[in-house]
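Record features (TrEMBL):
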type     : residues  : note
TRANSMEM : A:15-35   : transmembrane segment
TRANSMEM : A:42-60   : transmembrane segment
TRANSMEM : A:66-85   : transmembrane segment
TRANSMEM : A:92-113  : transmembrane segment
TRANSMEM : A:119-139 : transmembrane segment
TRANSMEM : A:160-182 : transmembrane segment
TRANSMEM : A:212-234 : transmembrane segment
TRANSMEM : A:246-279 : transmembrane segment
TRANSMEM : A:291-308 : transmembrane segment
Amino acid sequence: MNTIFRRLLMVEWSGLLAAIILGAAVLAWLSPAFLTEFNIYVMLRSFCVALLVGFAQMVTLAVGQLNISVGALGGLVAVLAGGMMEKLGFPVAVAVPLAIGIGGLAGLLNGVLTVRTGINGFIITLATASAFTGINLGITESIPFYDMPPSLVAFGSNRFFGFPYLLIAPIVVAALLGLFLARTVPGRHLLAVGGNPQAAELSGISRDGITMLAHALSGALAGAAAVLAVAQLGSAQPTIGADWLLLSFAAPIIGGAALTGGHVSVLGTTLAVVLIALIENGMVLAKVDPYWVQFVLGALILAAVWLNRWRAVRTGMG
Amino acid sequence: MHLAIESASKAFPGVQALDNVSLELRPGEIHALMGENGAGKSTLIKIITGLYRPDGGRLLVDGREVSFQSPRDAIAAGISAVHQERNLIPRFSVGENILLERLPTHRGLLDREAIHREARRYLDLLDRGIDTRAEVRTLSVAQMQIVEIAKALSLETKCLLMDEPTASITEHETVALFSLLRRLRDEGAAIVFVSHKLEEVFAIADRVTVLRDGRNAAIGEPMSAMTRQRLISLMVGREERIVERPQRTVETDVVLEASGINTAFGHRDISFALRRGEILGLYGLVGAGRSELARAIVGDIPVTGGALRLKGKAVRIRDMHEALDHHRIGYISEDRKQEGLILAHSIRENIAVTIWKRLAGMLGLIAPPAEARAVLPYVERLEIRTPSIEQTVGNLSGGNQQKVSVAKWLAANVEILIIDEPTVGIDIKTKAYLHELIHEIAEAGTSVLLISSDMPEMVALADRILVMHGKRLVGEVANGRRYETVSRAIMNRIHAVEEERPAAAE
């Protein structure tokens, strides 16, 4: 029994799972509102955008890069999607893939700039973040697009008992991303470049190409998160993405990602976002000032990083 | 495959790593590439595998001139290599590492069964005990080396370059590797084999090319006509170069004494004494454990047994800070860019870092003018070429950077200075100056422990030379300043130790 417990402790997401189960049990016991259908719907709905934002950062962490522009890029994609649907009258089926594609292209731009200039991706994406936000505000003059197609708004707000339809998107993306990283050649190469760039290059893998791929993927995921945010809010707000940056790092890092690259976990990131959603929900139910969510998130990141470090030392593979 | 390099040259800032080097590799031969540390062997291999581009010369594959832009091109041309650096992905399985750039797929997804089946085939040639599903980071160093070799073999190329493949594997595995290499040779592969172990080279190589100081000392001579002494002569140089500097016999008090020291790194039973004003050389091949011994003395690697005495008093040094502040020991790392200097800071800050405590005035504030006054004499004395002491160290040449490293410890007024590879990548003129400086420091009473792979440097500077091999001291050689005699004595000492072990190669 003891060995099973120990082995479980060594699995990266075990602590998260335990925290989620414990947290949910405590909340269910303390608050009768917690297990109501509507509360579950609210919680799951807040989970959707956050998970895609976490994934957007996770793929750049996987290759050993950072993407500071996730939020700015998401904001830009959100208003472009809104503009295409409201001003240009594009149907949802055209506007959504186009918007995600634009996100991918913007990410590719980050990648190309990083690879071609040799400048640290942190600086490049810091600069493009400002540029993307500038374009966003220049186009909208801070005025949202309110007239969204009814089908999109319905997708963003309808539910099947406690299950929001919106949740379909992150579930599909998580499955595809997990498959991509674990079972496809470009996915493995992405982690190989993150794990040991020199070794990957000597094995004949194109380090530059893979770095660009990771940035493009990050942009597309941020774009997808933006589209979901538009559906959820029912309008294309220029402020979408403004508060994503901390979350984008918190989710993969709490989920066990190595900041040095080469190791990320789709399941870990997902559980991290569940935990964050649970904490936010618990604080709302307990009527705690929502500003304290920031504090808890910070403490959680520290705890997670410390736990990973401890595990690395224990297994002698730090 | 027939592969030829004609007059390849490659320069790095401050050094000519290769100067008109040629190598001819025929199908169906095992070709040894020999030379002392820093002779240019690894550089040559990196040119052939597309990692470096040569400044001049031609690379011919089957008679056609080629130009590799990246390792991809070399692999595509049928060349694979085992490099000296570890080149595996730690979090990936053994199987994935072996087949990394051509992972088998089934309907677009990785075929895990095929990965492990394929990898098993190559791994079984060397070692059946390694699980292809294990993550590489859980393996021992020797097992990782086996995986690297299996990876190179799995490309089934007609040209295989192996840079010290046997450095960290067991004798049993070496035997398996050699019979495999012989089989590949008989099937027509061209194999380059780099090793410092002479008996291995005599056991397996058909021909040998020797490099010395980045030039050819021999090109493709048959091993059948080669003797051990002649091979050593080719590596170290034939002519007796006599160094001008007079021989010294130092008979002052012992300042630092190690008796029977063991370390966490694996050093066993290390004993030596360093006298005041003496330059004690510590020579060994790559991986012998010299730098690690230095790090153990300054407390960076734990000493697990034996005693370290300073002026007769037993001490226990826990870190660099204690070494400097309590015992006046300084350490100049071989990696001056990463560990020795703060490249983005000025000369003033880099030198003053060791004496900030002394300079700090009231309230612990440091006044830059006081720093400048303390630093300037050293900049002038060491002739550091710079318009100003505010110059960023990263902008200086390698030689001037090294002068700053030395100045930093001179300013700290240390009694014992450990200098690790003081002149790697430094031009000849500055090198001569640094040698003069080290000599001067010693004459002034500072004890110097000099670590160097550069044999001429050792002969020019050291009063006595300790020889280290396999984390042990294997002998002491008196330095008569006669280059050939000394280097031959050292090489013989190292190879004698190799032979005392049971023969692995046959």
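Cβ from N, Cα, C; glycine included.
The transmembrane segment (A:92-113) is in contact with the transmembrane segment (A:212-234), judged by 3+ CB-CB distances under 8 Å for residue pairs 6 or more apart in sequence. Highest Cβ contact count with the transmembrane segment (A:212-234) among the listed stretches A:15-35, A:42-60, A:246-279, A:291-308 falls to A:42-60 (criterion: pairs under 8 Å). Using a Cβ-Cβ cut-off under 8 Å and counting only residues 6 or more beyond its ends in the same chain, the transmembrane segment (A:160-182) has close neighbours at 37-38, 40-41, 44-45, 47-48, 51-52, 55, 59, 62, 188, 190-191, 221, 224, 228, 231-232, 264, 266-267, 270. Ranked by number of Cβ pairs under 8 Å to the transmembrane segment (A:42-60), the listed stretches A:15-35, A:119-139, A:246-279 are led by A:246-279.
Long-range Cβ contacts of the transmembrane segment (A:119-139) within its own chain (Cβ-Cβ under 8 Å, at least 6 residues beyond either end) map to 60, 65-69, 71-73, 75-76, 79-80, 83, 106, 109-110, 113, 211, 215, 238. A Cβ distance under 8 Å defines the sequence-distant neighbours of the transmembrane segment (A:246-279), meaning residues of its chain 6+ beyond its ends; these are 12-13, 16-17, 19-20, 23-24, 27, 43-44, 46-47, 50-51, 53-59, 61-65, 67, 70-71, 174, 177-178, 181, 191-196, 293-294, 296-297, 300-301, 304-305, 308.
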